[in-house]
Every structure is written in structure tokens, then in C-alpha cells.
Amino acid sequence: MENKVPNSPPKSPVRSPRGHKRAPIPDFGQFGKNSAFSNFGGSSSAAPPARVTFSFTGMASALPASRNRSPSRPLNNMANWNSTLSKSFSKSWANWSVEEAGKLDMKFTIRMNDKVMLYSKESTPVKQFEQAMRHMDDIQGMRKRASETAANVIAQSIEEDMILVIFGSNHIERAGKRLDETQKICEAIFRGEHVEERPRSEEYEKRLREWINSKRDPKEFEADMIRSRNEVIQHAKALQFITQKVVTDGEPITEKLLIETHKILIQGVNHAKYGTAWQDYAGKYRGDVRDPESNAMGVEVHAGGTNFTPVKRVPDAMKGLIKEFNKDMEQAEKDGALDPYTLAAKYSARFVCIHPFFDGNGRLCRLLLNAILLKYAGIVVPIGEHDEERKDYLDIKRRYSRDMEGEGEFAAMVLNRATLRLKNISDKVRAALNL
């Protein structure tokens with residue numbers, strides 16, 4: 001991959017993970033109430049919904065299944081993640097073929113959820129949806145003209161956006177590293193290289209000396225460095241894992257998949273506030289985790305005025321989430337139409353309201369969001385790179401968790417970001433083909 005920082009904010013914010021201090025780091029240079037998300041498709045008495053029809057061949061046959069791969073090292077034996085994506089996209093992009101659909105080749109329509117879904121209390125962004133579909137249609141047309149070249153450009157763009165996904169998602173949690181460091185770590189992982197939790201670089205040695213000279217404990221510096229690097233390393237591996245399973249292997253979204261993804265995401269990252277060892281909560285619902293304050297089994301979680309699903313109801317809530325997702329997919333197949341932006345926003349928002357795990361729920365909900373988007377819309381959507389966007393995102397999620405408002409707002413944010421990413425890919429493919 002070309003060694004350049006992906007398009008992101010001009011300054012990467014200084015941040016400190018929850019629960020511990022961090023040495024100073026130098027700077028580097030929108031939605032409504034009562035939204036419904038079921039019954040995708042349908043017609044409207046208003047303006048006709050935007051739509052674009054594609055025929056896709058399943059990705060599941062593009063690569064051998066990797067069901068036996070160790071979750072802790074999901075893709076490190078692959079030569080190059082970019083190459084994997086490119087091979088898949090040369091066969092299929094914005095893939096509709098899934099096991100739950102029961103077919104490997106079918107036609108479908110991407111159509112705005114105009115029947116019951118309000119993207120925004122103020123307005124339904126039909127024009128923006130149509131714009132996103134035009135970009136998508138353009139990309140598909142160029143793929144037909146030069147499949148291999150287009151696939152390479154799409155894969156490159158998505159890999160760059162994945163770095164921003166990881167950076168932005170960590171920034172929302174005040175976790176991880178600066179953008180330039182996040183990029184270096186992710187690029188190495190995407191190339192299939194082993195990345196040490198302790199960096200070996202002149203920059204690291206320089207910062208360690210500065211830390212020691214300031215009369216601070218070097219063990220604290222090392223612990224902070226290891227944690228923040230692991231927050232990037234495991235995030236990158238978890239993103240690879242869930243997107244490979246859902247997109248390139250064509251596997252359905254299940255509880256097991258989310259649990260395995262959480263195990264990867266949390267590996268080596270102890271709880272920031274309580275210090276709970278990652279082994280004690282990785283891939284475990286809250287009912288199977290000991291409360292660090294009471295020492296009783298089962299952890300109730302809340303944030304501000306938000307109380308998430310009671311611990312005893314988490315298993316049933318997760319089963320219900322997957323059941324509802326499958327029901328929505330059955331309806332989409334019946335209608336022959338799907339709105340991927342509302343679909344992704346719906347299940348990301350509802351997952352985080354359940355908050356099934358002791359920690360890592362926010363990052364995992366955004367991994368789920370992007371797995372759905374990559375499969376059905378052909379893109380990933382970075383959220384949270386800027387402080388202002390981070391605030392908007394958290395405000396939306398807070399309203400939804402507390403008042404059951406904001407799903408539509410989140411869908412509008414996803415649509416807005418998706419339109420930008422689709423335009424970016426379309427422009428890059430067009431330039432590569434000299435069109």
C-alpha cells in the first residue's frame with residue numbers, strides 16, 4: 001500500500017484512554033423521533049424512492065472458508081489483506097449473496113426505506129440517497145469495463161478507509177494511538193506482518209527517555225504504550241475477522257460471530273477503569289463476568305442517565321437481535337429490496353443499547369455497522385475522527401439509549417458518510433481508468 005496518511009482531519013486530537021494518564025502527544029497535521037426500521041422496501045405516495053438494481057455473484061466462492069482459523073490471529077497467515085479484498089471485489093462488490101438468502105446469484109434493488117423509515121425529523125434525504133446510488137451505479141459500470149483495475153482501486157480505498165474506521169472508533173472511546181501511528185500499525189497487520197505490542201523504534205526510545213527525565217515511572221509509560229498499541233492492533237484484527245467472515249466468506253451474522261469478534265477486539269486490553277483482566281471478560285456476556293465492585297457474578301452497566309439492558313436479559317436480548325436481523329433479511333429478500341444504511345444503523349444502535357459485554361461494546365457496534373455496510377453497500381464508513389463529529393455521534397447514541405430517539409439521525413449520519421466514501425471510490429476508479 002502506498003505510504004501516505006489517509007484523508008482525515010488536518011489535526012489528530014490528543015486523547016487519553018479512560019482511566020489512566022498519557023504523556024502529551026503533539027498534534028498531527030445528522031437525524032429524529034420514533035424511527036422504524038422493519039419492512040424494508042415498499043412504495044411511497046410521495047416522490048418515487050431512489051433505486052439501483054444489480055446482479056451479483058457470491059463472494060463465498062471467491063475464497064476458501066476460514067472457519068478453523070484461530071480468532072486471536074484471524075488473518076496473519078494471509079499474505080496481504082489488500083490482495084484478498086481485491087480478489088473478492090473482482091468477482092463481486094456490494095454483495096447480496098448470503099447464506100440466509102439461500103442463493104449465490106440473484107438480483108436485488110437497493111431502495112430507500114420510504115415505507116416506515118424517517119431518516120430525519122426534518123426531512124427524508126431522498127436526493128442524497130439518489131446521489132449515493134448514482135455513485136454506486138457508476139462504480140458497477142466501471143467494474144464491468146475493467147474488473148481487475150477497478151477491484152484493485154476499490155480494495156485500496158477501502159483499506160485506507162478501514163484505517164480511518166479504526167482511528168475514529170478508538171478516538172470516540174479516547175483510546176488507541178495518533179493517526180500516523182495507527183496507520184503504520186494497521187498497514188503492517190493488513191500486510192500479514194506480526195506487530196509487537198512493544199514498539200522497537202527511535203521514536204519510542206526518545207519518548208521513553210523524555211518520560212524518565214521528567215521523573216516519572218517508566219513502568220507507567222510502558223503500560224500505557226502497550227495498552228494503546230493493543231487497542232489498535234486488536235481493533236484492526238477484529239475488523240479483518242468480522243469483514244472476512246461476513247463479506248468474503250459469506251457467513252451470516254450470528255451471536256457466535258459477535259462473541260468471537262469481541263474476543264479478538266479485547267485481547268491484551270484490560271478494563272481501563274477497574275483493571276479487570278481481559279481474559280475474564282473477552283467474549284463473555286455480562287452475566288458471566290464478576291462485578292469488580294461487589295465481587296458478585298453479573299455486571300450492570302450504565303452511562304450518565306442511560307441504563308442498558310439488565311444483565312439477566314442480555315442473552316435473550318441478543319437472541320432477539322439476531323432473530324430480528326434475520327427477519328429483516330427475509331423481508332428484504334421477499335421485497336427484492338434493501339436499504340443498507342438503515343439496516344446497518346439499526347443494528348449498530350440496538351446492539352449498543354443491549355451493551356452485552358463488560359467493555360468494548362461501542363467499538364464492536366461500529367465493527368458490526370461496517371461489516372453490514374461493506375457487504376451490502378460496498379464501503380466502510382469512518383466515524384469520529386473529528387472532535388465535533390465524535391460529539392454528534394455520542395449525542396445521537398445517548399438520545400437513542402436514553403429516550404429511544406436517534407436511530408433515524410444515525411441512519412442519516414451513515415448515509416452522509418457513505419455518500420462521501422462512494423464518491424471517493426468512484427473518482428479514484430475513474431482516474432485509474434482515465435475516464
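Please read every residue number as a count from 1 along the shown chain.
The backbone N, Cα and C atoms fix where each Cβ goes, and this holds for glycine too.
Unlike curated records, TrEMBL annotations are generated automatically.
Sequence annotations record features per position, and here TrEMBL assigns region 'Disordered' to 1-30. According to TrEMBL, the domain 'Fido' annotation covers 253-416. Summarising the annotation, TrEMBL assigns active site to His355. Annotated ATP binding site per TrEMBL: Asp359, Gly360, Asn361, Gly362, Arg363, Leu364, Cys365, Arg366, in sequence order.
Secondary structure at Gly362 (ATP binding site), as computed by DSSP, is helix. For the recorded positions His355, Arg363, Arg366, the ranking by surrounding Cβ atoms (within 10 Å, all protein chains) places Arg366 first. For the pair Gly362 (ATP binding site) and His355 (active site), the Cα-Cα distance reads 8 Å. In the structure as shown, the Cβ atom of Asp359 (ATP binding site) sits within 10 Å of 27 other Cβ atoms. Calculated from their C-alpha atoms, the gap between Arg363 (ATP binding site) and His355 (active site) amounts to 11 Å. Same-chain residues with CB within 8 A of the center of the Asp359, Gly360, Asn361, Gly362, Arg363, Leu364, Cys365, Arg366 CB atoms, the ATP site residues themselves not counted, are Ser169, Glu173, Leu265, Val352, Phe357, Leu367.
Note: Asn361 (ATP binding site) has non-local neighbours Phe351, Val352, His355, i.e. same-chain residues 6+ apart with C-beta under 8 A of its own C-beta. It is Gly360 that, of the binding-site residues Gly360, Gly362, has its Cβ surrounded by the most other Cβ atoms within 10 Å.
Just so you know, the Cβ of Leu364 (ATP binding site) picks up 25 other Cβ atoms within 10 Å once every protein chain is counted. According to DSSP, His355 (active site) sits in a coil region rather than a helix or strand. Around Cys365 (ATP binding site), the same-chain residues at least 6 positions away in sequence with a Cβ under 8 Å from its Cβ are Ser348, Ala349, Phe351, Val352.
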